[in-house]
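Asks: Submitted below is the structure of interest, expressed as structure tokens.
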Amino acid sequence: MSFSATILFSPPSGSEARCCCCACKSETSQGSTGSQGGNPPASTPITVTGHGLAVQSSEQLLHIIYQRVDKAVGLAEAALGLARANNELLKQLQEEVGELRQGKVCTADEDRESRARTPPPEEPGVLKGSPGEASNSLPAMEEECDSVGSGVQVVIEELRQLGAASTVGQGPLGFFAAPQRDARLPGCTLAAVEGAPLLNPMADDYVASEGSIQRVLVPAYAKQLSPATQLAIQRASSETGPESGTKLPATRPEGVLGSAALDSALDESGAGGAGELSRSLGFVGSPCRIRGTGQKNSRRKRDLVLSKLVHNVHNHITNDKRFNGSESIKSSWNISVVKFLLEKLKQELMVSPHNYTDKELKGACVAYFLTKRREYRNSLNPFKGLKEKEEKKLRSRRYRLFANRSSIMRHFGPEDQHLWKDVTEELMSDEEDSLNEPGVWVARSPRFRAQRLTELCYHLDANSKHGTKANRVYGPPSDRLPSVEAQLLPPELYNPNFQEDEGGGNEKGPVSPSYDQPHKTSCPDLNSFIEIKVEKDEYTL
């Protein structure tokens, strides 16, 4: 949608008027001087209404007008998308009303059966009772739906004419300053429609019209959101930047279900225009967008491009302002380093296609400080740092082994799949680096794992690409102890008597720690798989 406007502005002189909003004084003084001097009358200055607005020059006024027109364009496009989505919902309601007009009215017997099954609802407008009562309530419902349909059509037509009306209006440039008004259908809670000029004189008539015109959504679909509506909200939050930091007013308890969650999401994204959009259009929100964002308490991944840029700027050879890991992030030196990095990052990103907010830039700097802090702590205790690094490596390998085994579990029977359903990564083997042969991984199964699950893991490894690698051999059981979560697993997965079984095995004979034939003690009935593995190892060596 394109706009073109010609703005004539002549600021009054200092002797005539001190404020550009005093149009009356400027006009009278300019008219008197024009009539006396014979010069052509000067252009009437444009008056701008707003809260705390003081225009000092014509360039500033043009800039403000451009910002508000651009903001109105984005809101109008998003409003048109919302109106179209609401119109689709209204069509579905009109189809149901059409079926009722054709004579599909509940009979008295059906009403008695429905009353016996379910309690009578409290919402008015539902067809219950005798046929006479149903026939009396049917015309009222038809009139209600007709008024809703006409109201939605008026909204759509006004939104389509919104762009062209921006060059027609001669009034002041006011944006979303009207008080909020509510209009709700009986038996359903709908959002309010806030009156706003929107550069359109027809909007004032729309706000002053009857409440039936303001009804946009219908009760049957008030708790749903169409994909088009979600797309319109996302476009509004992306196109309208953080120009205003106003917060939305708190919704009342009898308000729309999920509207508070949607408004808070728009506020957190920094889109002030989107917040005004939800207030001005009376949009009925739903928490489905929040539920679809991912798992609860999931770890947010950092932007790799931004993290790499922070790393390069901080570790540049010419940079002498670097983080001090021995101090807190709130120390004066580290705060100065963060400010320095923010300035350098903004300079680097001026010609970059990536657009990052100040909050994202600061978060990347703090994340890199935590990395330096961790390096400093590990340097104080090298053994602890190496131990944590080794544990992290083994845990990562267990996760990878668990994912590899789970990917081929669909080829096994239903009994094995049922057993694998409650398996966690803690029950996987520790794939340690061999001390004798570089590049060889020694798989050491946990001692607390049940024998049945151990046999299933051997079968999975024999049928997987990862398990049949030549550089992967089996070793003695691991010394890792079970966690509290592992001790709650069923006996098919967790062996609670693993320490007693280990003691009994030591009485019979010591377990051989050799890596050449370690399988015969842990899984003696799977020698066929082990022999194939040993042949591959001897062939490669």
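Cβ atoms are placed via backbone N, Cα and C, with glycine included.
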Asks: Say a student had to find the phosphoserine annotation in Swiss-Prot: which of Ser286, Ser445 would be the correct pick?
Replies: Ser286
Asks: Out of Thr44, Thr118, which one does Swiss-Prot list as phosphothreonine?
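Replies: Looking at Swiss-Prot, the phosphothreonine feature maps to Thr118.
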Asks: Which of the listed positions, Ser238, Ser326, Ser429, Ser464, does Swiss-Prot note as phosphoserine?
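Replies: Record lookup in Swiss-Prot returns phosphoserine for Ser429.
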Asks: What is the Cβ neighbour count of Ser429 (phosphoserine) at a 10 Å cut-off, with all protein chains included?
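Replies: So the number of other Cβ atoms within 10 Å of Ser429 (phosphoserine) is 26.
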Asks: Using DSSP reduced to three states, classify Ser429 (phosphoserine) as helix, strand or coil.
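Replies: Looking at the DSSP assignment, Ser429 (phosphoserine) belongs to neither helix nor strand, so coil.
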